[in-house]
Amino acid sequence: MSSSREGGGNEKVGLFETRKPKGRLTYKLFASTIFVGICLIWVYRIWYIPRAGEPGRWVWIGLFVAELWFGFYWVITQSVRWNVIFRYPFKERLSQRYGDKMPAVDIFVCTADPTIEPPIMIANTVLSVMAYDYPPEKLSVYLSDDGGSDLTFYALFEASRFARHWIPFCNKFQVEPRSPAVYFPASSSSDKEWLSVKMLYEDMRNRIETAVELGRIPEEIKGQHKGFWEWKSRVSKRDHHTILQILIDGRDSSNPTAVDIEGHALPTLVYLAREKRPQFPHNFKAGAMNALIRVSSEITNGQIILNVDCDMYSNDPEALRDALCFFMDEENGDEIAYVQFPQYYDNIINNDIYGNISPVINKLELAGADGYGGSLYCGSGCFHRREALSGKKYNKGYKVDWNKEIIRKMDKTHKSVCELEESSKVLANCTYENGTQWGKEMGLIYGCPAEDVITGLTIQCRGWKSVLYNPEKRGFLGVAPITLDQSLVQFKRWAEGMFQIAVSKYCPFWYGLGKIKIGLQMAYCVYCLWAPNSFPTLYYVVVTPVSLLEGISLFPQMSSLWFVPFAFVFIGKNVGGLVEAVCCGQSSRQWWNLQRMVLIRRTTSFLFGFTDTIVKKLGFSQTAFVITAKVADQDVSKRYEQGLLEFGTSSPMFTILATVALLNLFSLVWALKRVALDMELKAVEQLVSQIVLCGLVVLINIPVYQALFIRKDKGRMPTSVTVASTVLASLLCLMPMY
Ligand SMILES: O=c1ccn([C@@H]2O[C@H](COP(=O)(O)OP(=O)(O)O[C@H]3O[C@H](CO)[C@@H](O)[C@H](O)[C@H]3O)[C@@H](O)[C@H]2O)c(=O)[nH]1
Ligand SMILES: [Mn+2]
């Protein structure tokens with residue numbers, strides 16, 4: 001930043017700045033030529049359609065429909081490339097202007113299952129956000145436990161004690177990142193204090209892990225907090241009363257458990273397991289978040305809410321101040337509803353075999369959406385303005401006087417901890433939402449597995465703007481799935497959730513009409529239309545090899561001028577995509593692996609996401625939220641480290657992807673044999689595009705063939721899948737083409 005901008009005490013300069021990247025004109029020119037190419041392809045398809053009775057007429061029509069879709073979808077994806085903007089906050093100015101007079105911030109951490117979301121991980125995430133560089137009396141952390149587990153409560157109890165050492169330690173040594181599980185293994189010191197805090201952490205970890213292993217908490221510990229009594233009566237995951245415990249009451253610095261070892265105040269810490277009854281839908285994470293919004297409004301009522309998944313620890317203690325720059329900017333801050341940090345992970349291997357890092361989405365596409373009014377809400381690492389999240393409409397001219405807001409006393413109630421617990425408990429009961437707008441107009445929206453995206457959309461449609469902030473130093477780091485099955489299940493949930501939005505009353509085009517910019521409507525569709533992408537993709541990767549087997553030509557021959565637009569669009573899109581990825585920091589190897597995952601997702605996750613959406617739309621089943629596992633056994637982790645795709649179990653998704661891979665292989669081998677042995681040059685020339693396409697599909701699927709036939713480890717393709725897919729692929733080879 002140029003130093004002339006540092007306006008010491010100058011109220012005029014903003015707290016953040018917006019800039020456009022360079023070179024967008026070149027991109028727009030390039031995109032326009034691709035568009036011309038796409039149009040030419042369409043013209044060719046209409047012009048040369050085989051007449052009735054000629055072979056391949058229907059295949060051709062199908063291809064035309066697929067290409068129409070791809071072209072249309074490509075146009076949609078231009079929305080997130082056309083008007084990209086980047087945001088830069090100035091936290092020094094914030095400090096200069098407000099000092100320690102900061103708004104109250106409530107942090108929500110969601111967990112749902114102590115077996116796949118281990119309590120020690122939750123303790124670490126909670127500690128990392130408790131240790132934000134922020135006045136502790138303004139900071140409160142709420143854990144929502146949808147697992148209703150005493151083990152999770154126990155971990156939080158341990159964390160509340162360890163925090164008394166951890167937070168002063170972090171401040172003293174400028175510890176980063178502030179998750180002890182990440183910090184200690186990555187640093188070393190012979191300092192006495194360092195060693196003793198490390199020891200305290202190790203002890204805590206051991207105690208938590210032992211309790212988890214045994215499945216129960218030692219009696220002497222249970223005696224140390226009244227919260228454990230809550231589990232005296234029967235508590236099962238789906239059936240229990242509301243459990244609410246204020247573990248640290250930040251208002252009360254006279255209480256020795258509410259201050260750190262140096263006597264400074266600690267952030268407030270609250271455990272909540274909202275009531276669950278089998279006869280009441282609990283609405284998964286959206287339900288948990290809404291309960292948290294209400295409960296926190298009673299206890300601390302922070303103006304800003306940060307929400308993170310239980311695996312997303314804070315990686316930058318100053319990120320909170322960065323986010324506040326957007327909300328508190330005098331010029332444009334008042335219209336901003338949320339500030340989204342992109343999702344990054346800290347368990348990605350070099351080659352990123354599952355395509356988990358999505359730099360193009362995080363750096364470019366979301367910033368492109370921001371250019372038209374705001375990033376999508378991605379569920380984790382997102383700072384919200386409480387009012388906007390709770391359902392308030394934005395009215396032009398709305399102004400927040402932060403100085404006044406900040407002075408508003410946090411301990412507005414003089415209730416004791418027990419009174420506060422009792423009065424806020426009812427807000428998390430099942431019946432509380434009956435007859436209210438929660439889940440509809442207020443809070444997070446119910447009924448959609450992509451509760452985050454749909455909620456962000458409704459917020460923007462109420463007139464608010466949002467911001468994507470993608471700093472160099474990652475704000476949050478989480479755990480990405482490390483088996484193919486997990487990854488595909490996750491993508492199925494997303495594809496389904498977002499497609500559900502497209503076919504519901506929240507469809508960005510109707511619902512957003514006149515409320516948000518058309519560029520933003522299109523940006524939502526980039527993701528809402530993931531699922532239907534599966535059909536044209538499947539069509540392409542099945543019909544191309546089968547036609548090749550039967551000698552039916554689908555593309556213009558190389559000597560024809562019509563070949564040019566096909567080649568140009570194909571190469572342009574792929575090379576363009578590669579350049580884009582590299583510019584966003586991906587390696588070419590990672591990009592290549594991502595292409596494999598895109599193919600696999602489209603032919604499996606997106607397909608199932610599509611069909612499940614339709615089935616649910618017809619009322620045959622209910623929406624569920626399948627949680628992603630955050631732990632794996634050692635064998636699996638080891639294969640992940642080696643960069644091997646993990647199959648292992650049999651799944652219909654694996655059968656589909658293996659069938660596609662085998663079909664293309666059979667067809668390619670057959671075609672090459674014919675080319676080598678007996679085909680005339682003319683015929684070869686007509687089929688060359690198909691040979692290349694099959695060849696690319698085969699090339700990208702090499703790891704799949706290895707898993708099918710070569711690998712011997714436990715993560716290989718199960719024999720049943722190998723057999724089934726071989727049979728299916730052989731049958732497809734015989735499929736007649738009309
Ligand atoms: O009934 C439930 C189910 C899930 N969760 C929590 O939701 C979070 C996200 O679940 P996860 O299984 O990790 O899903 P991901 O696919 O990794 O999550 C991404 O996608 C979700 C929407 O599909 C968003 O809610 C998340 O914020 C976003 O990180 C976790 O903290 C869970 O504990 C609940 O609190 N209650
Ligand atoms: Mn997750």
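Here, residue 1 is simply the first one shown, and the rest follow in order.
Every residue, even glycine, has its Cβ placed from backbone N, Cα and C.
According to TrEMBL, the feature active site maps to D146, D452. For E117, D146, the entry in TrEMBL reads UDP-alpha-D-glucose binding site. What TrEMBL lists as Mn(2+) binding site is K285, D309. The transmembrane segment annotation in TrEMBL covers 29-47, 59-76, 524-542, 562-583, 654-672, 687-708.
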Any idea what the Cα distance is from D309 (Mn(2+) binding site) over to D452 (active site), rounded to a whole Å?
12
With CB pairs under 8 Å as the measure, which of the listed stretches 29-47, 524-542, 654-672 comes out on top against the transmembrane segment (562-583)?
29-47
Chain-internal residues, separated by at least six, CB under 8 A from E117 (UDP-alpha-D-glucose binding site):
T111, G147, C310, D311, I627, K630
Have a look around D146 (active site) and count the other CB atoms within 10 A of its CB, chains all included.
25
Cα-to-Cα gap, D146 (active site) vs K285 (Mn(2+) binding site), nearest whole Å:
8
With a Cβ cut-off under 8 Å, give me the same-chain residues at least six positions beyond the ends of the transmembrane segment (524-542) that come close to it.
62-63, 65-67, 69-70, 73, 76-77, 79-80, 365, 369, 376, 453, 457, 494-496, 498-499, 501-502, 507-509, 512, 599, 602-603, 606-607, 609-610, 613, 660, 663-664, 693, 697, 732
K285 (Mn(2+) binding site) versus D452 (active site) - Cα distance in angstrom:
9
For D452 (active site), what is the secondary structure by DSSP, using just helix, strand and coil?
helix
Count of other CB atoms lying within 10 Å of the CB belonging to K285 (Mn(2+) binding site):
22
Provide the number of Cβ atoms within 10 Å of the Cβ of D452 (active site), excluding the reference atom itself.
24
Taking ligand 2 as the reference, state which of the recorded positions E117, D146, K285, D452 have a Cβ closer than 6 Å to one of its atoms.
none
